[in-house]
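Visitor: Got these off Swiss-Prot a minute ago, pasting:
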- 248-445: domain 'GATase cobBQ-type' (DOMAIN)
- C329: active site, nucleophile (ACT_SITE)
- H437: active site (ACT_SITE)
Amino acid sequence: MVLGTSSGAGKSLMTAALCRVLKRRGETPLPFKGQNMSNNAWVDPGGGEMAYSQALQAWAAGREPECAMNPVLLKPQGDSTSEVIHLGRSVGTCRAEHYYRDWFRPGWAAIRQGLHTLENENPEGRLVLEGAGSPVEVNLQARDLTNLRLAQYLRARCLLVADIERGGVFAQIVGTLALLRPVERPLISGLLINRFRGRRELFDEGRRWLEQHTGIPVLGVMPWLDELFPPEDSLDLLERRGRKRGAELEIAVLKLPSLSNFSDLDPLEAEPTVQLRWVAPGEPLGTPDAVVIPGSKQTLRDLGRLHSSGLGSAVQRFARSGGAVFGVCGGMQMLGQELEDPEGLEGQAAAGGNGAMTGLGLLPLRTRFGGEKALRHRQSSVHWPEHQPTLSVEGFELHRGHTHALEPCSNLCEDPSLGWVARCGDQGGIAAGTYLHGIFDNGPWRRRWLNQLRIRRGLELLSEQQPHHSRQRDALLDRLADAFETHVNLEPLL
């Protein structure tokens, strides 16, 4: 089990690295995180919802993601409330103060069922577990579902990861170990220092001090590698990145309060000529080459924030003065004219009494929320941007409700339910949107979309002969595993 001294210590990527290293050694690694809290989600081939970080770990292990790898997913939706997903299916919502009372036993049952499924399907496999947050939140230890309760249940050997970039790494480690209960401390088999900058021999004295004062070996010092991967559950590190050398296009991405599935932007972040700039409500939109509105867990509430902050009006002016705007899932819904949420699923508190709200009005769409979630992988040929040869795209749907056009407009895809395109004003502005998460993963289509922006700027066109982003992601996982093998001694864990 990979534990961390805090959230954001690097557990998810270290778990992914461990999975890839074990795969290289001929083993069958099985990534597993009993409970995750994240709005960055993936849909498995069976239509089950799971955290994206466990999907990434599955790819690192050379496996197809499956929701049994993340049997409990909590999706925050504001006001201390989360949607509860068990084994890929939504089973209700819960307030934080009622979680232990109402959901602890069902959650533990779901975790054991997920373990049973993985172990039955892969009797030769080795479970590679990821903890959550810190394992020693003393006010939460009785409710722990995914850290040391699970480690004790499985008698797992644990690696404790600490992020030296944040500072205070010695206090992080010593404090965490001091708060472990006597029965838990023997589970810790090694320590790992993550995100070290500079020559590793500069940490030799610190390594000796830790081993002398804790009695636990430091199994490795991982170098700073955050340029390889966006952070798994936080935008903080992504936003701290400097401007790319050679960036020719700037794309403004709206940092919605209930932002979800920001991994949709990974392929654009990976483009060497593209600079992403995250814009929160209340911040100036500026003059980007395009605006992207990503998904939202609380679409109406976030739309209300765009309206009240003036950022929504700025996006409207940008599009009608010739700009390009693209929305994914909730972002596309916001681009429409009318949104109705009679059941209050998407933040009705910000809407009118009947759950209705006016959208940004850049696409002639009406969305009505309700019914079962759409959870499925899709593939379709595309009609826009118009160019030859015809391209196809793949991705997944993850949304509630139904959207339809109020007046004739162009379809983004051959399947008319997957997206729409409309002109904005008389200066060449265009708005487009899709329900397809992962659309930017499709290399040829992504390059074709970027080339529309490059034409506006008089820039040379990029080649559309670009592989699916999964190939680049796999190469990054290899580089991560290379560093892990170089800098970490795994033997005490195996």
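Quick reminder: no glycine exception, Cβ is built from N, Cα and C everywhere.
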Visitor: Using a Cβ-Cβ cut-off under 8 angstroms and a sequence gap of six or more, which residues of the chain neighbour H437 (active site)?
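Guide: H437 (active site) has long-range Cβ partners V43, N261, D264, G295, V328, C329, G395, F396, E397, L398.
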Visitor: Please give me the CB contact count at 10 A for the residue listed as 'active site, nucleophile', counting all chains in the structure.
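Guide: 25, counting other Cβ atoms within 10 Å of the residue listed as 'active site, nucleophile'.
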Visitor: Give the mean pLDDT for the domain 'GATase cobBQ-type' (248-445) on the 0 to 100 scale.
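Guide: Averaged over the domain 'GATase cobBQ-type' (248-445), the predicted model reaches a pLDDT of 95.
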Visitor: Could you check what DSSP calls the residue listed as 'active site, nucleophile' once collapsed to helix, strand or coil?
Guide: coil
